[in-house]
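S.K.: Please see the structure below; I have some questions.
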Amino acid sequence: MGTVTTEPSPSEKPRPSSPTAATPEDGSQLETTPTNASYVPPPLSPWRRHAIMFSLCMTLLLSALDITIVATALPTIASSLGASASQYAWVGSSYTLAGTASTPVWAKASDIIGRKATIMAAAATFMAGSLVAALAGTAGMLIAGRTVQGLGGGGSLVLVTIVVGDLFRLEERAKYYGMTGIVYGIASAVGPILGGVFTQTIGWRWCFYINLPFDSIALLVLFFVLKLETPREPFLAGLRALDWTGFVLIISGTICFLYGLESGSGGLAPWASPQVICLIVFGVLLLALFVLWEARFAANPVIPFRIFQKGTNIASFTLACAHSFVFISYDYFLPLYFQVVLGFRPIIAGVSLFPLLIPLTVTTLLGGLYTRRTGNYILPIFLGSALMTLGNGLFVSFGASTEWAKIVAFQVITGTGAGVLFQSPMIAIQTHTHQRDLAAAMSAFSFLRSLFSSMSVVIGTVLLQRNLGGGGLTAGQLHSDEDEVQTEGAEKGEYVDALHVMWAFFTGVAGCMLLAAVFIKPKPKRLSDEASG
């Protein structure tokens, strides 16, 4: 694990109070001595700290932005490139699928070849994919570019989290994870707005061109300022140490499963077809084999299952997955409601998310400050879960014509709850995880959040399609010369009814967060006293 000096990395330094590599299964010791809290990184000068955080936040911003920036631009993109209905769906899904599948690979590679080299490689991969997407002349080329983007973006998202964990003490991380949480939240909510602005002004290709100059700046700053230790293990030996069997199982299983869901919901094949059934079943079997391999046979597992030995960690992972699953639905399905049902233009549909964005940004910051000063992540978790569940329940009341007061108020409630949940479950996991397992825990955290984000869009689309009687939303229906939605009469009523079912489903998932919160334990009193002192 990298540090800012030439001393042995934290995972290599002996710690009498922590389990050794020979006894990773010592659950009792893991429970009573969360040595991650005693980790003391070497100090950073103020200017270097600011420069590093600037570059990390820039990298995170661009990677998170591209998850949703195409949400309001997709109709115009599909019309411009002549995309089919299935290609229309894959422009968005290819990014999250690639990012989800590659997350564990990037995280584990950073343990072998170093944080700095890995995060720079991820950022460069993201830039290359952005250029391909911006220059795309066909839908296939655009999907290829988005896939490469996703490979780099998935690495950037998880490596930013890991590097922050390397650079700062446990009690400081709430502050810096608060920064990254704000950046992620802003990017997620601003993405549809920027997509709409670019589409109606300088062109949809700037959704991808915009990444090139800013990612270049972040790369330069990282190259000159980020000073992390290079692992002593030779490169080839490090590559051989990677759990390639685990990587193949988790990547292939994830892609098969999600592609099966995507095929069934996107009309590529009927749900009862051998193609869809085989993809889903084979994907589940591969993921089950991954769990078996990691738990029983892997010498250097991608995700050490000892991080799931604590009930608090299991509950925190469950809550984080549900939060990610529900939150991403706002970025994709609220603009859909605004455009299809209310007839908003892309820019207005994006701007209509501001009531969600503003409180989300504020509560992400305040939640981080509160957790940092008090060491209490339990209150933010319960408050955020309750407000998010309430907000989703209120979305069910959105109709064919909804008053602006309701649109604003319901989004404010939901955004307030969503903001405080970006980092509080992460802090809970880190509090109960040893420093030597931090990279693996954050890898699992990012991977599972990405996986559930990908599943959210697919499953939400499935619910819409099923309740529309199989007649899903098409690119041609969304696009016109005036960039307005052409949905009238009974058809609009069908979309309202289908959206009601979908929001009710997401409300149920949000309710699972409240259930999981009950099983999350607070920080041990000794560590809380240290944090407050």
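Glycine is treated like the rest: Cβ placed from N, Cα and C.
From TrEMBL, here are the annotated features:
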COMPBIAS  29-38  compositional bias 'Polar residues'
DOMAIN    52-525  domain 'Major facilitator superfamily (MFS) profile'
REGION    1-41  region 'Disordered'
TRANSMEM  51-75  transmembrane segment
TRANSMEM  87-107  transmembrane segment
TRANSMEM  119-144  transmembrane segment
TRANSMEM  182-202  transmembrane segment
TRANSMEM  208-229  transmembrane segment
TRANSMEM  241-261  transmembrane segment
TRANSMEM  273-293  transmembrane segment
TRANSMEM  314-335  transmembrane segment
TRANSMEM  347-370  transmembrane segment
TRANSMEM  377-398  transmembrane segment
TRANSMEM  404-422  transmembrane segment
TRANSMEM  443-464  transmembrane segment
S.K.: Would the transmembrane segment (119-144) and the transmembrane segment (404-422) count as touching if the test is at least 3 Cβ pairs under 8 Å, pairs 6 or more apart?
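M.R.: No; fewer than 3 Cβ pairs under 8 Å.
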S.K.: The transmembrane segment (208-229) vs the transmembrane segment (443-464): three or more C-beta pairs under 8 Å (separation of 6 or more)?
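M.R.: Contact between the transmembrane segment (208-229) and the transmembrane segment (443-464): absent.
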S.K.: Should the transmembrane segment (182-202) and the transmembrane segment (314-335) be scored as in contact, given a threshold of at least 3 Cβ pairs under 8 Å and pairs 6 or more apart?
M.R.: yes
S.K.: For the transmembrane segment (443-464), name the stretch out of 51-75, 241-261, 273-293 with the most CB-CB pairs under 8 Å.
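M.R.: Comparing 51-75, 241-261, 273-293: 241-261 has the most Cβ pairs near the transmembrane segment (443-464).
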